[in-house]
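Record features (TrEMBL):
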{"type": "SIGNAL", "residues": "1-24", "note": "signal peptide"}
{"type": "TRANSMEM", "residues": "40-64", "note": "transmembrane segment"}
{"type": "TRANSMEM", "residues": "76-98", "note": "transmembrane segment"}
{"type": "TRANSMEM", "residues": "118-135", "note": "transmembrane segment"}
{"type": "TRANSMEM", "residues": "194-214", "note": "transmembrane segment"}
{"type": "TRANSMEM", "residues": "226-246", "note": "transmembrane segment"}
{"type": "TRANSMEM", "residues": "258-276", "note": "transmembrane segment"}
{"type": "TRANSMEM", "residues": "288-307", "note": "transmembrane segment"}
Amino acid sequence: MASNLKKVSIFIIFMACLCTKALSQCEDQTNNPCNNKSKALPLKLIGIAAILVTSIIGVSLPLLTRSIPALSPDRSLFVIVKAFASGIILATGFMHVLPDSFDMLRSPCLDGNPWQRFPFTGFVAMLSAVFTLMVDSMATSMYTRTNNAVADEDVEPRDQEMPLAVINDGGMHLHGHHHGPKGTVGQQLLRYRVVAMVLELGIVAHSIVIGLGVGASNDVCTIKPLVAALCFHQMFEGMGLGGCILQAEYKTLKKTVMIFFFSVTTPFGIVLGILLSKSYKENSPGALIAVGVLNASSAGLLIYMALVDLLAADFMGPKLQGSIKLQMKSYAAVLLGAGGMSLMSKWA
């Protein structure tokens, strides 16, 4: 027991020395002439309101326009708009979240060993992508098993023995896996629901991190362009999530809950950053490691979701595979969305 306490004490002293060394290296970086707490606070409050409104508009737009025939999920225009939003989500992972994580986990404020010698950002992003695959796969299996169990309970034994059709009062009633009782949900609909849930999880995670950084910063030179960039980012990213929520065909309550969480996470992160601004230091080793790892995790999740569950699922689906012309339009939409979000990284 004494030996273990001695080892722990040595470890704590060693970490304290590393942190002190890192902080001394970063003292010059914190002396920014643009730092002005009194001027930064009103900008943050304006940013909270602006980001909240644009987030609500972005995520609600696909749901509000579902009554427009041209924007219904089975129309080509909806596919093109969704491809545009998917390109934005892909660029968010590659061009915004992943580079931020590289900068943080390779910061000179951190000790050279191991942070400068091992690519932690790539490693964490890789693990996050694999973990997202696991969640995606297992959640789909659980949804399917639960749905099949409900279907089997609702179907009467005599119905199970007659898989093709039953003639009753001059009408034909078909019994099948996807056309059974009211509780059954199609396999494709299950996938849409899993995709919407996992995508929301990834977006919420990185939105809180982004908001925390804005709220904790007092740099008036960067807050203005950053808030403007985040408004556009949240609107178009919300459109991608809103399209997934629309395809998932959730009930009104669940749609409202998902819209609420997406809309308030970035403003909540800003408020949290404001409250923690006295103790939260952007260049401290603890903050750099925590935020860097969270950014890497979010990047891996967003990149996986954009490539696998959004783009690949749509482009390999029957609708796009049946039309080369629609594929080309959708590819152009993807490049336009990804390119626009990539250019925005100059200010964000």
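The backbone N, Cα and C atoms fix where each Cβ goes, glycine too.
TrEMBL: automatically predicted annotations, no manual curation.
Remember, it's a predicted structure, so these values are computed and weren't measured experimentally.
The transmembrane segment (76-98) shares the most Cβ pairs under 8 Å with 288-307, out of the stretches 40-64, 194-214, 226-246, 258-276, 288-307. Taking every recorded stretch in 40-64, 194-214, 226-246, 258-276 and counting its Cβ pairs under 8 Å to the transmembrane segment (118-135), the highest total belongs to 194-214. Across 40-64, 194-214, 258-276, the stretch most heavily in contact with the transmembrane segment (288-307), judged by Cβ pairs under 8 Å, is 194-214. Counting same-chain residues at least six beyond the ends of the transmembrane segment (194-214), those with a Cβ under 8 angstroms from any Cβ of the stretch are 44, 47, 51, 89, 92, 97, 132, 135-136, 139-140, 143, 223, 226-227, 230, 234, 237, 240-241, 244-245, 247-248, 250, 258, 261-262, 265-273, 276, 280, 282, 291, 294-295, 297-299, 301-302, 305, 309-310, 313.
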